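What follows is one structure encoded as structure tokens, with my remarks underneath.
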Amino acid sequence: METLMVDRVRSSLSQFMHRNAIFLCERLCAEFPSELNLQLMATCYLRNNQPYFAYHILKGKQMALSRYLFALSCFQMNLLREAETALCPANEPNSEIPNGASGHHLLGLVYRYTGRRKLAKDHFMQALVIDPLFWAAYEELCALGDAEDANECFNDAVSVRIHLHSSFDSSSQGFDGASEDHNLPLKQDSSPRQSKQLHSINNIPSYPQSSNCVPSNLSLYNTPSPPVTQLSGTVPPPVYRNAYLPAIGGDGPSKPNPHATIQAPRRKFMDEGKLRKVSGRLFSGSDFGTRRSTRLSGDAMTSASLHVSQTGANVRKSSALDAPWFQASNAPSLLLDGGNTEQEKGFPQSSGALSHESGVNGAKELLFLLRILGEGYRLSCLYRCQDALEVYLKLPQHHYNTGWVLSQVGKLYFELVEYFEADRIFDLTRRVSPCMLEGMDAYSTVLYHLKEDMKLSYLAQELISIDRLSPQAWCAMGNCYSLQRDHEMALKNFQRAIQLDSRFAYAHTLCGHEHVALEDYDNGIRCFHNALRVNERHYNSWYGLGVVFLRQEKFEFAAHNFREAYNINARSSIIMSYLGMALHSLKRDDEALVLIDMAIVADKKNPLPMYEKANVLVSLERYEDALKVLKQLIEFSPRESSVYALMGRIYKMLNRPDMAMFYFGTALDLRPPATDVAVIKSAIEKLNLPDELEDSL
Amino acid sequence: MATEADGEEETAGKLSGTQNLAVDDDLREMAKKAAWSVSSCKPGNGVPSLRDDNLETYWQSDGAQPHLVNIQFQKKVKLQLLGIYVDYKLDESYTPSKISIRAGDGFHNMKEIKTVELVNPIGWVHVPLSGSDPRDAFIHTFMLQIAVLSNHLNGRDTHIRQIKIYGPRPNPVPNQPFHFTSKEFITYSTISARSATPAS
């Protein structure tokens, strides 16, 4: 009865019938209380978006998978400390992190959000070691700014460490009888089964051993749905790739899990790989909202690589992406001492050799893709935007034209202040992938800068209709209001975005900018600090803090903050100019000039550093040089009133009232705002005084 | 509701109201930074009614003339425009007719800078605070005082429905001698921060 119930629960889960699953699972737990069943129950609740329930059920449980699921629930409920203790108990510093790569990834996320970067980095790296295809871990490393070269990380050598961790255990079950029939395709069968079995060492251990060596008919029945659905060719959302490798027909390793996990490291290197779990990867994305797409695309690739050859269920011809299955297929047989059922015999050897061959090919292609994407992402996190763009262009066309890649490219153009290009790319993104939300916040800022209020409000409306609960939609809305100078409404919208996802750093930054626009500097500072707490490398917030301090005339602080921003993004000419401005205010004009010159070189199209340079030169009384710079600037930007006004001022100081008059007049013709009009006019008045004095004499 | 009272004399200093409050883009409302007080008021019709953006509520004075509205800032600010909403049709003898505007550092040294006369006004009355000299587009002051010297039909107390005070926007790029006007300058002047619209 138990296996029947478990099977039903699993199949309900894979079919998204949560209520059914929860109900049956509760009956299961009532009838056969065991930690394994509790884990299944927790899974049901996690799938149903009720992490608190899973938390309650698994509190205190010590099995590896339980600890992992418990930590996951804690993470979703933002109880980071408990998550940490579950994954890495304080009094057992050397205990194995449950769930291999995924466990390390989750732990890394916990450390990241509690501000311990080094530890976070270690764990993400470890996750990558265990599973070289773990894109999310690499992404996190990039975000921390600490990723190593993608060519290193995803080079072909690591393909030996790639194994299929599939939830194909079930499929293997189904293979019982039929496996003999197929030869080549089946080699993989054994592998998944083996892997599954190994997994099951890790995972929910097999259910009552008695039912393990199940007669084939039952095992056919019990083919857990998750793999079946996969077999049907659709790539199920990662969440559905069940972690619960059914122990059904879990021939073999009905070994108690804890032992297995602890034993794992001692096994051969290759076995270790097998102990990774798909489920971990499934739950890996921390930003469930924003990274969903990445996760999906990442996992889609891996799931595609999972071959499923199966018997009873649909046959899916293995694609070329045969992961190097179990080169160590020999090893599993070692592990599965007792458990091996008749199906396994005879398979391991042959399948091992064969699968290895084809497996490596598939991995190589996947690694090739990941190398490009990884390198591109790494460079974009280091703000080496031009380089990143070049890297992305190396992708094959059909990969380039996907939502994730295009939105990354769009963001790169945004960082390069090439707003027209960015607009074009983001527009393309929306057409290619209308539901892609990641990066749309940057798009809304691009439209804000281009002053396209129609497009911006349209974007905001669309995003909200796609997903009312996404922070990007509300950021876009906020930008809309901000463009219309309604800073209070803008602020409300950004705060809404924060409420929806407090880990979305950009929303905090935008809030900060709105506060500054409303001249509420204290709140602005607070918001920027919040943003930095979420993501220390959000240079925009450092910049925002610098601007606030500049306004408050706390020049030392301003310089410090601009420098932090500069350290993160050393290519932005705007940051360099501002740092120069701050240094100039601190009277460190030589350093200021150095930076300003760098800024001029960094971006020829940016007029600001040249203007700043003129300012600095004026205060250094190098009037002729200043005039030279300004004349250059006129060629570049002929309709800028402030340039002429400054020139007028310089000529006045050089005691050439005629030229001064000319330039002041030009400045006024360009209709500056009223404050400047007043300043210029009073300057003109003062110009005339010497003439009047002469006249009266 | 209100239309410009046509045919009314609009000499310098005599104003009627307009329906809409037309304010330049480069001005912003300064009232939030100020402490507001009045010389007297009827309970329930006090300062909040002057600032609540609701034209139905009004401030009603309750004492001897002149009735005063005092606006005090923490530091010297530039003020450019004053907007007062009054309605002769609704308020009749409570409608102010002669208003004196004074500025200074505090109650002890207020100096009159402007006087306006209102003739049957309905709607917003724009009072530019500049002197006749274009150089004085702003007044630079700690405190502004609006004194209602007399009302229509010799009413004793006065109703004012809303008051708004405007000053120039600060330069979005701090520490610059002049504002930026062209698109290129403004695009590059900030990173996704809120900036001013360029003059076209």
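Glycine residues also receive a Cβ, built from the backbone N, Cα and C atoms like all the rest.
The compositional bias 'Polar residues' annotation in TrEMBL covers A:188-210.
Marked as region 'Disordered' by TrEMBL: A:171-210.
When averaged over the repeat 'TPR' (A:101-134), pLDDT in the model lands at 87. Taken from TrEMBL, the feature repeat 'TPR' applies to A:101-134 (among others).
According to TrEMBL, the feature repeat 'TPR' maps to A:471-504 (among others). Sequence-remote contacts of a segment are chain residues at least 6 beyond its ends whose Cβ falls under 8 Å from one of its Cβ atoms, and for the repeat 'TPR' (A:471-504) they are 113, 286-287, 289-290, 437-441, 443-445, 447-448, 451, 453, 456-457, 459-460, 463-464, 510-511, 514-515, 517-518, 534.
Sequence annotations record features per position, and here TrEMBL assigns repeat 'TPR' to A:505-538 (among others). Counting residue by residue with DSSP, the repeat 'TPR' (A:505-538) contains 27 helix, 0 strand, 7 coil.
For the repeat 'TPR' (A:539-572), same-chain residues at least 6 beyond its ends with a Cβ under 8 Å from one of its own Cβ atoms are 145, 383-385, 415, 505-506, 508-509, 512-513, 516, 521, 524-525, 528-529, 531-532, 578-579, 581-583, 585-586, 602. Among the features that TrEMBL reports, repeat 'TPR' is placed at A:539-572 (among others).
Per-class residue totals from DSSP over the repeat 'TPR' (A:641-674), listed helix then strand then coil: 27 helix, 0 strand, 7 coil. According to TrEMBL, the repeat 'TPR' annotation covers A:641-674 (among others).
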